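Q: Take a look at this one; I'll ask things after.
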Amino acid sequence: SFGLCIAFLGPTLLDLRCQTQSSLSQITWVFFSQQFCLLLGSCLGGVFKRTLAQSLLALFASSLAISLVFAIIPLCHNVVVLAVVMAVAGLAMGCIDTISNMQLVKIYQKDSAIFLQALHFFVGFGALLSPLIADPFLSDTNCILSNGTANASSNLPHIRKSLLPHHPGNLSRYDLPMKGMVVTRVSYAFWIMALINLPVPIAVFFLLYKERMVPCFNGSSHPLLSADELALETRPGDKDELPNAAQRPHTAAGHEDLFSCCQSKNFRGASFTYFAVHITGALVLFMTDGIVGEYSGFVYSYAVEEPLAVVHKVAGYLPSLFWGFITLGRLISIPVSYRMKPATMVFINVVGVLVTFLLLLIFSSSVVFLFVGTASLGLFLSSTFPSMLAYTEDILQYKGCATTVLVTGAGIGEMVLQLLVGSIIHDRGSYSFLVCGMIFGCLAFTFYALLVFFHRMYPKPSPELDEASPDKAAVPEDTGQYQR
């Protein structure tokens, strides 16, 4: 659901402009409404974490909302209404992003890295799928027929590839007609995506049913394993402890929403390194997710400008190549994360990003290396977010606010760095695109080094936890997240 919704807007925006009969400057503000509300939804997503029922109900509502948004978009003939609908989609996406990451970390704890890699593979798969669904229904010529159609249509491919989030004025030099007969088939793409997304809320509803959390359907179905039963599945000699474990008081600690994290009660007795781990982890993702946003948004514009001057049609493959290798990298990372520690994976990722940008700068006049570097960058950036999330939560022993803070930091980075790079490219030229990427890569590596330093300073878990079982640290007594 998240992936489908995050990648469809760019390719379809010109057809949506025709549908709403708005200017390019007006329609690109739809990007902002989606991204801003996505960030807001990420901050608020932790509110629904207190019980499994709340989390599943929020996921059900959010994923169903995305299908409804896809179905409603073809009916939006006013740009303000479209922006409001996309804001609702952004809120739903933000809730999905925070809750799904948070629940996987809570349920699987030290084993969560594998499941997080799988989660983010499907995000990438959705982001790869939605432009492919939309492509057959996009207009080849200007979809508003008027006297200026012929002249405007010659610029259409370049305009489509140049539409960038958070840059409402970057295409003001192009004059497209706003009045006339609207001819577009993009509605079919949105209805197909609405149908493709429907199995997601159905699957979440099935989980609610299995957990006997649907009021009219709590019959004889067997619920999923509880937290304590799940833990004891891996400790076969201790099954007699289940009654005592089940009677423990359920207190919800850690994994709060962003606003709960900021309450003073959570700071009492916390060490300096507790805050430092949260901040440096968020800053690493601020940089790496910012690189994903700015690279996918500007690589086309960089390629078609001098000195490369790549043909528009060929340059159009670069964003697809980038997202394709992000998806491939996340698929590869699922088995790799089973053997490799999250800290090691993050180190390889940030070093790989740094080296790739360095080589892109050295071979900046080579079109072939631009394609090779784009694929390499996609691979190295692919597993950074889930690996970083698993690593930071592991440092904090799953008792901090890392998931919400990191998701929010990544969202802010993607939004802010794209805006910053767009302004710099406008003032300094296309070469600054790679220079900015190199600087962001260096900063990501620096913040990662600081995170490792603070990890070494962070207090280790108390030895009492290790006396009961070598796996005890992976299943702390705080099982409030499994309240029904």
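Residue numbering: from 1, along the chain as shown.
Yeah, the Cβs are placed from backbone N, Cα and C, and that goes for glycine too.
Quick paste of what TrEMBL says about this protein:
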| type | residues | note |
| --- | --- | --- |
| TRANSMEM | 28-48 | transmembrane segment |
| TRANSMEM | 55-73 | transmembrane segment |
| TRANSMEM | 79-100 | transmembrane segment |
| TRANSMEM | 112-133 | transmembrane segment |
| TRANSMEM | 188-209 | transmembrane segment |
| TRANSMEM | 272-292 | transmembrane segment |
| TRANSMEM | 314-332 | transmembrane segment |
| TRANSMEM | 344-363 | transmembrane segment |
| TRANSMEM | 369-391 | transmembrane segment |
| TRANSMEM | 403-425 | transmembrane segment |
| TRANSMEM | 431-454 | transmembrane segment |
| REGION | 462-484 | region 'Disordered' |
Q: Which stretch, 55-73, 79-100, 112-133, 344-363, tops the Cβ pairs under 8 Å count with the transmembrane segment (431-454)?
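A: Of the candidates 55-73, 79-100, 112-133, 344-363, 344-363 scores highest.
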Q: If we skip the immediate neighbours and take only residues 6+ beyond the ends of the transmembrane segment (369-391), which ones have a Cβ under 8 Å from one of its Cβ atoms?
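A: Sequence-distant neighbours of the transmembrane segment (369-391): 101, 105, 112-113, 116-117, 119-120, 124, 281, 284-285, 288-289, 291-292, 295, 299, 303, 308, 310, 318, 321-330, 332-333, 336-337, 341-343, 345-346, 348-350, 352-353, 356-357, 359-360, 363, 402-403, 406, 410, 451.
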Q: Taking pairs 6 or more apart in sequence, does the count of Cβ pairs under 8 Å between the transmembrane segment (28-48) and the transmembrane segment (188-209) hit 3 or more?
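A: Counting Cβ pairs under 8 Å, fewer than 3, so no.
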Q: List, by number or range, the same-chain residues at least 6 past the transmembrane segment (344-363) whose CB is under 8 A from its CB atoms?
A: 113, 284, 288, 291, 333, 336-337, 369-370, 373, 376-377, 379-381, 383-384, 387-388, 391, 434-435, 437-438, 441-442, 444-445, 448
Q: State the non-local partners of the transmembrane segment (79-100) in its own chain: residues 6+ outside its ends, Cβ under 8 Å from one of its Cβ atoms.
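A: For the transmembrane segment (79-100), the nonlocal Cβ contacts are 1-2, 5-6, 9, 16, 20, 22, 26-27, 29-30, 33-46, 48-49, 55, 58-59, 61-63, 65-66, 69, 72-73, 119, 257, 403-404, 407, 411.
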